[in-house]
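Now, the feature entries from TrEMBL:
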| type | residues | note |
| --- | --- | --- |
| TRANSMEM | 44-75 | transmembrane segment |
| TRANSMEM | 87-110 | transmembrane segment |
| TRANSMEM | 122-140 | transmembrane segment |
| TRANSMEM | 161-183 | transmembrane segment |
| TRANSMEM | 203-225 | transmembrane segment |
| TRANSMEM | 245-270 | transmembrane segment |
| TRANSMEM | 305-324 | transmembrane segment |
| TRANSMEM | 336-358 | transmembrane segment |
| TRANSMEM | 370-389 | transmembrane segment |
| TRANSMEM | 409-429 | transmembrane segment |
């Protein structure tokens, strides 16, 4: 329902405003890690950084996996050979293609902000044009009764109270968080951006508005064209839900349906490359502030990018994907649900860090300061906390996610707990190796980590 996208937008916007205020006060490539450390101390800061790293590094593997599927789907459409689409199910071909795509994303990220900006500009323009065409044609066909369901857009579609239960609502919201997630990547590049105190913060808020408008347009167009029937092209048909764009691209765009496959492929590649930016700079900050080994603070002399951290994050994502391809693809796809919890966690912690950091100045600098530095981040953090608790409870159900379980407990919950426990273990080990950071002896003030 479009209502889910609209409601999910609210906490995202409130949290983004908190990020903007923190960035204006102390622009730092470490974002969540640095800001939560300054607000709540090294232990909470380290775990906040870990949640960000877990979410961003592991999702790299899922994004590259999606790119592999749509790469062969696009090839099958170009050469009118459906058998080409099945190549992605071959484990060795899949992994080989994955390595090539991951290598591409890692290379562009390694080359720094200039290369990233050029690639992303082309990718984003192509995606926006294709998605706008798809949504517009879908709406036109629905209005002219040449679609499948031909529903007239209704205000009820935007009513969140029409969802049958809070559990279903919360599950939908956590998925929407995953869809919206990624706008904070622009903030990790604040030290490399002109107007570091303002540009990245405004870009983050602007990204949120762009994404919600785009998804509302697409969801309305898709719903009007296909409806919610469990038969045929209906969105309720379980056979369509794995890859709805592949199913609807032909009926909506006809012979031009292939551009939709290319748009999703390019979207996955763009997300893969942009997502690699965030963990690299978080690892850079953790290395710089001595929360991790000094190698993570390495900067490429030629490209002025976090070289070691970029390669390390991509290698970890690659290793995880390859192992899961051989062990269990269910675990691979359930990480998406688990990562939604990680996103709620580190966004929420950062929102509360904004509230705590500005708790004094927010009440003494006028109403606007109170709203932006305290009220909005507080409300956003509380919303994320509620969704985190509800989704965590729901994830214990064995039927949640792929339906896999361990001892009667849902695999999504087990993965989430395992990720957090691993983070705690690594943190304790780093405390043993690098006590200065955890004792608060490392100054958290720096001019620039990246020139």
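Each residue, glycine too, has its Cβ placed from N, Cα and C.
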Practice problem: Could you tell me what the rest of the chain brings near the transmembrane segment (203-225), counting residues at least six beyond its ends with Cβ under 8 Å? | Solution: 1-2, 5-6, 9, 12-13, 16-17, 19-20, 23, 128, 131-132, 134-139, 141-143, 147-153, 157, 179-180, 183-184, 186-187, 233, 235, 244, 248, 251-252
Practice problem: May I ask which of the stretches 44-75, 87-110, 122-140, 305-324 has the most CB pairs under 8 A with the transmembrane segment (336-358)? | Solution: 44-75
Quiz prompt | Maximum Cβ pairs under 8 Å to the transmembrane segment (245-270) - stretch from the list 44-75, 122-140, 409-429 | solution = 122-140
Practice problem: Establish whether the number of Cβ pairs under 8 Å between the transmembrane segment (87-110) and the transmembrane segment (305-324) reaches at least three, counting only pairs separated by 6 or more residues. | Solution: yes
Quiz item: Of the listed stretches (44-75, 122-140, 370-389, 409-429), which one yields the highest count of Cβ-Cβ distances below 8 Å with the transmembrane segment (305-324)?
Solution: 44-75
Quiz item: Do any residues of this chain, six or more beyond the ends of the transmembrane segment (370-389), have a C-beta under 8 angstroms from a C-beta of it, and if so which?
Solution: 10-15, 17-18, 20-21, 170, 173-174, 177, 341, 344-345, 347-349, 351-352, 354-355, 358-359, 361-363
Quiz item: Other than its close neighbours in sequence, what residues sit by the transmembrane segment (122-140), given a CB gap under 8 Å and a spacing of at least six beyond its ends?
Solution: 147, 153, 214, 217-218, 220-222, 224-226, 245, 248-249, 252-253, 259-260, 262-263, 266-267, 269-270
